[in-house]
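Everything on this sheet refers to the single structure shown next.
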Amino acid sequence: MEGLPAGVPVSLDDIRADLARRKLGYGRGARMKFEEDELTISGGVRFGETMGSPIAIRIGNTEWPRWVDVMSASPVDVESLPKGRGAPLTRPRPGHADLVGMQKYGFDEARNVLERASARETAARVALGAVARKFLGELGITLVSHTLSIGTVRVPEGSDLPTPTDVATLDADLVRCFDPATSARMVTLIDGAQKDGDTLGGVVEVLAYGVPPGLGSYVHWDRRLDSQLAAALMGIQAIKGVEVGDGFLTTTRPGSQAHDELVTDGSLISRLSDKAGGTEGGMSTGTVLRVRAGMKPIATVPHALRTVDVATGQAAEAHHQRSDVCAVPAAGVVAEAMVALVLANSVIEKFGGDSVPETARNLESYLASIPAAQRTAQTYDERA
Ligand SMILES: Cc1cc2nc3c(=O)[nH]c(=O)nc-3n(C[C@H](O)[C@H](O)[C@H](O)COP(=O)(O)O)c2cc1C
Ligand SMILES: C=C(O[C@@H]1CC(C(=O)O)=C[C@@H](OP(=O)(O)O)[C@H]1O)C(=O)O
């Protein structure tokens, strides 16, 4: 990670805690139980604080010794590989990267594709997201994520939103859902899918509190905050849709009911609602940022899907060793990390600073420079 100022408190325990959260969630497969993340910070941090230089984190995998031959960088005698792990994967899974990956890179089987296409890679994003979150925390910006729906089971419209003080409660919930009754129904649904040899997707929501107004841009399409958040969230494996605020629901409302009206108490401006999810014109508004990501069901369906064996050209069943039944709760933790990375980048872009106190000073002087008649209650009341 490049560009963070000096003075962000970072510890192995902080990063480990977030990596552990990524493994949470009812419906995750066996791999989460036997695989350990071995963490080393190899650059950019000294005595528990960032130094302004690039931060390098290595995540070793305790399972690697079993894969050294199968994924060897040097040529090996393929016949000598273990039967299971070393067997060519020629029955591509519909919905995964297997077939197109083989076509694109000229492989005759999918091992090279699936090891890299795997969401195992999100461990790296969560590790760096943990560092971004620490930086944002120094500036009073805090995040929380939760599960909104799994399959057809959804948190009722209008339910209370979690705040960052609810993170421990959410992490203790089997599916990281803030509504206990809905959580129980989600668990039952996952049990049913597992019994049927099926898999499930769902929707997660990330909230960021304490975001100052004006992050992002209305000038440049690629610097719009909503555009960056959408790209970051869509960049997570299996995410097929992103909503900012009420998203698609807003498209069904007449304009008179779609927007967050502004009122004043004579001193500060308030928004009467938060349908927009904390962005207007590609910039943060200073209200709670709220984004959602929709995940398709896991592609490795135990009740195997129809495919074609590319070694024989014959109809076949897609290969399946093991898989998650549902990884939506874990995707929420990954989404939180991606939002933290985008926000950290946007904060640096707007406020700069080589040390945390310098960035904080720049942020505070910007807020102080906003004329009294333009100040919004949430930003100024909460930061007071
Ligand atoms: C946290 C997480 C865990 C996942 N676990 C699995 C899994 O166990 N099996 C599987 O087939 N896909 C799993 N996926 C989804 C695949 O990575 C994804 O379906 C694949 O990359 C193709 O999706 P795409 O078309 O969006 O790229 C997981 C995704 C995430 C974010
Ligand atoms: C290893 C992780 O997730 C993996 C993501 C994944 C996929 O296809 O994306 C498939 C599964 O791996 P495998 O097919 O080897 O059992 C998951 O366990 C992880 O999140 O650390």
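Quick reminder: no glycine exception, Cβ is built from N, Cα and C everywhere.
Annotated FMN binding in TrEMBL involves Arg116, Ala117, Ser118, Gln237, Ala238, Gly281, Lys296, Pro297, Ile298, Ala299, Thr300 plus, out of the candidates Arg85, Arg91, Arg253, Arg322, the residue Arg322. Largest Cα-to-Cα span within the FMN-binding set Arg116, Ala117, Ser118, Gln237, Ala238, Gly281, Lys296, Pro297, Ile298, Ala299, Thr300, Arg322: 44 Å. The binding-site residues listed here are Arg22, Arg28, Arg116, Lys296; among them, Arg22 has the most other Cβ atoms within 10 Å of its own Cβ.
Remark: of the binding-site residues Ala238, Ile298, the most isolated position is Ala238 (fewest other Cβ atoms within 10 Å of its Cβ).
For the recorded site, Lys296 (FMN binding site), the DSSP three-state label reads coil. In this structure, none of the binding-site residues Arg22, Arg28, Arg116, Ala238, Lys296, Ile298 sits close to ligand 2 with a C-beta under 6 angstroms from any of its atoms.
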